[in-house]
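Notes to accompany the following structure.
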Amino acid sequence: MSKSESPKEPEQLRKLFIGGLSFETTDESLRSHFEQWGTLTDCVVMRDPNTKRSRGFGFVTYATVEEVDAAMNARPHKVDGRVVEPKRAVSREDSQRPGAHLTVKKIFVGGIKEDTEEHHLRDYFEQYGKIEVIEIMTDRGSGKKRGFAFVTFDDHDSVDKIVIQKYHTVNGHNCEVRKALSKQEMASASSSQRGRSGSGNFGGGRGGGFGGNDNFGRGGNFSGRGGFGGSRGGGGYGGSGDGYNGFGNDGSNFGGGGSYNDFGNYNNQSSNFGPMKGGNFGGRSSGPYGGGGQYFAKPRNQGGYGGSSSSSSYGSGRRF
């Protein structure tokens, strides 16, 4: 594809992670299947750099987001006789967040203003899929809105599409959106991340493949209830009115402790809004999948998946 024909939409939004591949699946057979829904600008089955054995997952990149949507709407997919699981690819930066790879149907929406009603949330988020439930959280005692809400969809892909797009405006105001995790999911994801010491469930270390020794679909990484549980300290929402603490103890935007107080204000936390650090979407010159991070492949000329993250084109620093 020439530069003049390069897609205008960020590559990150046009890419699908394909898990659960047969070890017999090749780049060609993967391409043959997924090009039914659009033009593929890249397609790769990830392999061990030494043995060349498939790691059981790959990536396909479409020319447009519309084609990605078409492919996701055509689920389930079967490649070489095996049902595979396509998911919207998570950037290396976002993959550092606990629960980034969990499959959930509920989102947390923070920073919403007091005059925001259910219809404002519905009007905005229904473009991403069918909404089942909208909950605007209020203080049990005073009934005052607490500045955050939960939206539950009928399909996890709606959530995945929302969270990779970063910036959302509801009722004229920017808001923060995250996957809503149960207390158990948050604790499990946090402990799992600490235990891995950076090698990552989706690669990271040179020896790591997807799921660290082909754990795809077994460790609960792609399952899990929606819902929300609160911080490891037992905070949560409701109870004694201690605010939304679910993301507090991991150094996220939502602060340490009670990120949102009962008036729905940020507690001296800076926002993510503004220019993205480090050029999160990178460029084609850095290879089809940017740096050596989780859920992403290294440029092919650097051999394989995982390994060093020093060449990453997906920014730096954790925001969760």
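These residue numbers are counts, starting from 1, taken along the chain as shown.
The backbone N, Cα and C atoms fix where each Cβ goes, glycine too.
Swiss-Prot annotations:
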type     : residues : note
COMPBIAS : 197-216  : compositional bias 'Gly residues'
COMPBIAS : 276-294  : compositional bias 'Gly residues'
CROSSLNK : K3       : SUMO2 cross-link
CROSSLNK : K8       : SUMO2 cross-link
CROSSLNK : K78      : SUMO2 cross-link
CROSSLNK : K179     : SUMO2 cross-link
CROSSLNK : K183     : SUMO2 cross-link
CROSSLNK : K298     : SUMO2 cross-link
MOD_RES  : M1       : N-acetylmethionine
MOD_RES  : S192     : phosphoserine
MOD_RES  : R194     : dimethylated arginine
MOD_RES  : S199     : phosphoserine
MOD_RES  : R206     : dimethylated arginine
MOD_RES  : R218     : asymmetric dimethylarginine
MOD_RES  : R225     : asymmetric dimethylarginine
MOD_RES  : R232     : omega-N-methylarginine
MOD_RES  : R284     : omega-N-methylarginine
MOD_RES  : S313     : phosphoserine
MOD_RES  : S316     : phosphoserine
MOD_RES  : R318     : omega-N-methylarginine
REGION   : 4-94     : region 'Globular A domain'
REGION   : 95-185   : region 'Globular B domain'
REGION   : 218-240  : region 'RNA-binding RGG-box'
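Nearest by CA distance to K78 (SUMO2 cross-link), out of the recorded sites K8, K179, K183, is K179.
According to DSSP, K179 (SUMO2 cross-link) is assigned to a strand segment.
Sequence-distant contacts of K179 (SUMO2 cross-link), defined as residues of its own chain at least six apart whose C-beta falls under 8 angstroms from its C-beta, comprise G99, A100, L102, V104, K106, I107, F108, V159, V163. Neighbour density at the Cβ, taken as the number of other Cβ atoms within 10 Å, is lowest among the recorded sites K8, K78, K183 for K8. With DSSP states grouped into helix (H, G, I), strand (E, B) and coil, the region 'Globular A domain' (4-94) comes out at 29 helix, 32 strand, 30 coil. For K183 (SUMO2 cross-link) paired with K8 (SUMO2 cross-link), the C-alpha to C-alpha distance reads 39 Å. In this model, the region 'RNA-binding RGG-box' (218-240) carries an average pLDDT of 35.
DSSP labels the residues of the region 'Globular B domain' (95-185) in these numbers: 24 helix, 32 strand, 35 coil.
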